[in-house]
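Chemist: The compositional bias 'Basic residues' feature in Swiss-Prot is assigned to 1-12. Residues or ranges marked as compositional bias 'Basic and acidic residues' in Swiss-Prot: 13-23. The annotation compositional bias 'Polar residues' is assigned in Swiss-Prot to 24-35. Marked as repeat 'WD 1' by Swiss-Prot: 108-149. The annotation repeat 'WD 3' is assigned in Swiss-Prot to 272-311. What Swiss-Prot lists as repeat 'WD 4' is 314-351.
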Amino acid sequence: MGHKKNGHRRQIKERENQNKFERSTYTNNAKNNHTQTKDKKLRAGLKKIDEQYKKAVSSAAATDYLLPESNGYLEPENELEKTFKVQQSEIKSSVDVSTANKALDLSLKEFGPYHIKYAKNGTHLLITGRKGHVASMDWRKGQLRAELFLNETCHSATYLQNEQYFAVAQKKYTFIYDHEGTELHRLKQHIEARHLDFLPYHYLLVTAGETGWLKYHDVSTGQLVSELRTKAGPTMAMAQNPWNAVMHLGHSNGTVSLWSPSMPEPLVKLLSARGPVNSIAIDRSGYYMATTGADRSMKIWDIRNFKQLHSVESLPTPGTNVSISDTGLLALSRGPHVTLWKDALKLSGDSKPCFGSMGGNPHRNTPYMSHLFAGNKVENLGFVPFEDLLGVGHQTGITNLIVPGAGEANYDALELNPFETKKQRQEQEVRTLLNKLPADTITLDPNSIGSVDKRSSTIRLNAKDLAQTTMDANNKAKTNSDIPDVKPDVKGKNSGLRSFLRKKTQNVIDERKLRVQKQLDKEKNIRKRNHQIKQGLISEDHKDVIEEALSRFG
């Protein structure tokens with residue numbers, strides 16, 4: 001890996017923090033042991049790959065020194081002190097003024113309960129009252145961007161590519177509004193939606209709800225990309241995997257299904273509860289999933305191999321919402337209670353979440369923090385990006401809880417910038433549109449896209465098999481040469497266009513399918529006109545003036 005300088009190879013410096021950047025499969029035996037390889041050219045190539053790998057690991061470890069910010073957690077002064085007993089009032093009095101001011105507490109008792117959703121960069125907050133109150137605001141500056149009183153039931157809302165547009169799931173249809181609250185679109189295809197989400201790299205608005213259908217809508221072109229029937233009744237919970245954009249749906253029979261817009265059937269189905277699934281959360285890396293059900297259970301899954309890490313049975317009350325922060329903190333709401341755990345996503349048995357101090361056992365993962373909304377009920381919760389805050393929407397308003405260590409201390413401003421200007425936001429929108437991924441690229445393993453199919457060599461026919469296939473076809477043609485071809489006078493209805501539309505991909509709506517449907521309608525109109533001419537209803541030179549005027553827009 002090193003460069004030759006003055007006849008010597010430059011040594012690669014090993015870093016103290018290099019271990020956390022090395023692959024787990026890169027063992028000591030694989031580092032330098034290439035003596036068993038007899039091919040000199042292959043051995044030299046393997047050594048070169050090893051040197052490049054060492055250089056990459058050393059460079060990654062060196063850049064870690066340039067990230068001085070670190071996560072700060074609550075630390076007890078002695079073994080008898082428990083962090084979950086610390087109240088929010090004590091934390092506010094101890095932190096700096098700017099952090100204390102971010103502990104938002106809005107009292108909105110008239111239109112609750114409230115559903116909250118933060119923008120991807122954490123700058124804006126979108127609140128949705130069940131009784132029709134919708135508002136978008138810059139919560140850090142205290143500026144209200146848009147406020148709507150829709151006078152009908154609203155269930156959920158989400159921002160689209162940025163805070164300039166947001167979608168609201170209302171009583172029957174889903175609507176899209178701009179940053180001033182002006183209605184832009186009414187999506188008639190999305191009926192009785194209860195859950196909304198947006199895939200930023202594919203520009204897809206995803207909805208699910210009472211109808212049992214999962215629908216993908218491309219907001220850049222306005223086309224309905226796909227509509228999938230879940231066959232599991234109303235959707236109880238929905239979450240997206242940020243790593244591969246696969247949607248996770250929770251159903252009333254206790255199953256969690258994973259969906260891609262290009263597949264009519266779920267990619268994976270797993271049983272997560274003995275009752276309805278109330279909430280689903282997936283961590284930022286896309287490795288772990290947390291679910292909670294009406295059977296008073298909470299389970300944590302490793303979705304790389306779909307194995308269960310931890311299972312907490314017999315919660316005091318059924319969990320209603322679950323969320324995972326960028327740093328791996330797990331938050332659970334049950335009634336008026338909100339409980340958080342640290343290190344709950346680790347594999348060790350000591351990481352299993354539990355309640356209380358468990359008799360002072362130091363090898364138990366007791367709650368990291370807890371909060372009680374007395375006489376209230378939590379509607380939903382979500383961590384604020386890049387902030388040590390947990391947003392909670394409840395029956396009487398919105399509250400931000402200060403949770404030390406919840407936010408990512410070092411962020412990539414080229415990806416998500418919480419301090420972006422108007423010009424940067426516009427450039428970012430253009431950049432994401434140019435780099436928009438097709439809906440067909442959503443799969444369980446995104447690394448498989450562009451790779452070589454190793455099975456193709458075994459599936460491909462060799463020269464001998466091709467010759468035999470050609471010979472069999474010629475012999476069959478000679479044998480049936482005396483059979484005349486039957487050509488009926490009436491054209492059958494089983495045309496190529498109809499057979500294309502009858503394929504199993506009825507749920508996929510693309511440009512080709514729209515062109516085929518348009519061609520079928522055109523042929524149908526021609527046959528209808530010829531029939532009317534034959535019956536003497538119209539003349540051959542008859543022209544429909546209105547139809548010709550509107551045909552230019554077809």
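Cβ atoms are placed via backbone N, Cα and C, with glycine included.
As the structure is a computational prediction, the values presented were derived from the model and not from experiment.
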Chemist: Who are the chain neighbours of the compositional bias 'Basic and acidic residues' (13-23) in space, where the CB to CB distance is under 8 Å and they lie at least 6 residues beyond its ends?
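Modeler: Distant Cβ neighbours of the compositional bias 'Basic and acidic residues' (13-23) are 57-58, 60-62, 64.
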Chemist: Could you give the residue numbers and ranges of same-chain residues that sit at least 6 residues beyond the repeat 'WD 4' (314-351) on either side and whose C-beta is under 8 angstroms from one of its C-beta atoms?
Modeler: 71, 73, 84, 278-284, 287-288, 290-298, 300, 302, 363-365, 367-383, 385-386, 390, 392, 401, 403, 405-408
Chemist: Report the DSSP secondary-structure composition of the compositional bias 'Basic and acidic residues' (13-23) as helix, strand and coil residue counts.
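Modeler: Each residue of the compositional bias 'Basic and acidic residues' (13-23) counted once, the result is 4 helix, 0 strand, 7 coil.
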Chemist: Counting by DSSP secondary structure, give me helix, strand and coil numbers for the repeat 'WD 4' (314-351).
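Modeler: Split into helix, strand and coil, the repeat 'WD 4' (314-351) gives 3 helix, 14 strand, 21 coil.
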Chemist: Kindly report the helix/strand/coil residue split of the repeat 'WD 1' (108-149) according to DSSP, in that order.
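Modeler: Per-class counts: 0 helix, 23 strand, 19 coil.
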Chemist: Roughly where does the repeat 'WD 4' (314-351) sit in mean pLDDT, to the nearest integer?
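Modeler: Across the repeat 'WD 4' (314-351), the average pLDDT comes out at 92.
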